[in-house]
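Q: I'd like to ask some things about the structure below.
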């Protein structure tokens, strides 16, 4: 059936595109309407700082993954071991390159209190001036010391443990730089950083400001200790703490005589004043300063500080603990009020190492002869070889201990061998008071009584030639000290102090018979050069 005209029109209309234009040329290309605007949520977000940083670190991360890829090369193994060690030190709070100070081995815990007490009036001991400030170089304004004492077992520290190197580290570092002759703005930060890396995190294990052991009225013998040159009150903490853990009260002085690397004089209501190592060129004096005069003035200063420490402890024992606490600039000593009548000044001793031993011998000149110096005995560990003449006028029993290196090394001391000088000194004291000893600690070195070998045992043994086990050697120092302190109380010799002479000269037995009779447990650690006459059989 033929289609109608209407149906043909409808079919053609259905084929017409909405975009067609009847007026345009059919041969022209098709055109399209402009696109609709894109939604803003489709746009990429601006990159954040974190994203940019992460992207910039990607090359480094890829390099790090490459470097850390496991491989069996010596460099990789070495860096891995170092990395693990550093991580271990961070996790366990261990110092990077030093060992921790060990706990004390005595029956009691050990307390520690820092005290700095001003004198009623500064005491000027010489007319020497500091070249840098034109102020007196040897004027005692205050006395600073740490008291180590027996404390109740298990008691908790009242404050943070004392750092082994007092803060600020930069003070001590500047002193070391001055001693090395390189004290300038470039070297000082290097020395400070080195101190921080090596020992910055070392803590002294004595508990701070805890009560004195027991309220039962027991009295504890007292010792004042003088440190060596280029040292401070914190260099002998283990030796002194071991004595305290066995029932003794020890005042470890910090000298401001120009022999400590750096010490800060702190007096309430006054500006802090640093004191550094002194050399002859740092001073103005008439006659001009020389080594002999410098040592003389320093020893006088040290003696005065020893006497001031005794005075302060006497005040504490007399019931003035609260006054001492109030006057101290160090903020410790809250328990001193309970120390009344607890200190035994009838058994006071003065001890020192190296320059401190020379100072102790100097202070013993008036021992047990004046009210200000009731000392009944003295100990000198490695009396100084370059710290001035040794005082020979000592009216109380004396123990002198040389380290092996101190006896072995031949040193001329005021025109004669140092060993012979000490030998004669001790024999003179023995002949005068009846009791004196001179011993050599076999296998040890000059620093063996300090904390240094405990912190760096391998390095110190290598550098000094010491062969004895570090802890055992220090234990022998503690043991012979305790034997001497016991002698001052009971007049009875114990241990190696009960032995006759084995070596009148270092390294030479007096006889084959004496070599055979000397107990092996002593022969391993000691040579006896002088003993009381009654024992010298």
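Don't overthink the numbers, they just go from 1 along the chain as shown.
Glycine is no exception: its Cβ is also placed from the backbone N, Cα and C atoms.
Keep in mind that what you see is a predicted model, and the values were worked out from it rather than measured.
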Q: Can you say which of 74-93, 94-113, 114-133, 134-153 is given as transmembrane segment in TrEMBL?
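A: That would be 74-93, the stretch labelled transmembrane segment in TrEMBL.
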Q: Which one of these active-site residues, 354, 382, 446, has the sparsest Cβ neighbourhood, judged by other Cβ atoms within 10 angstroms?
A: 446
Q: Cα-Cα separation of residue 382 (active site, charge relay system) and residue 446 (active site, charge relay system), in Å?
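A: Checking the Cα atoms of residue 382 (active site, charge relay system) and residue 446 (active site, charge relay system) gives a distance of 7 Å.
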Q: How far is it from residue 446 (active site, charge relay system) to residue 354 (active site, nucleophile), counting Cα to Cα, in Å?
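A: A Cα-Cα distance of 8 Å.
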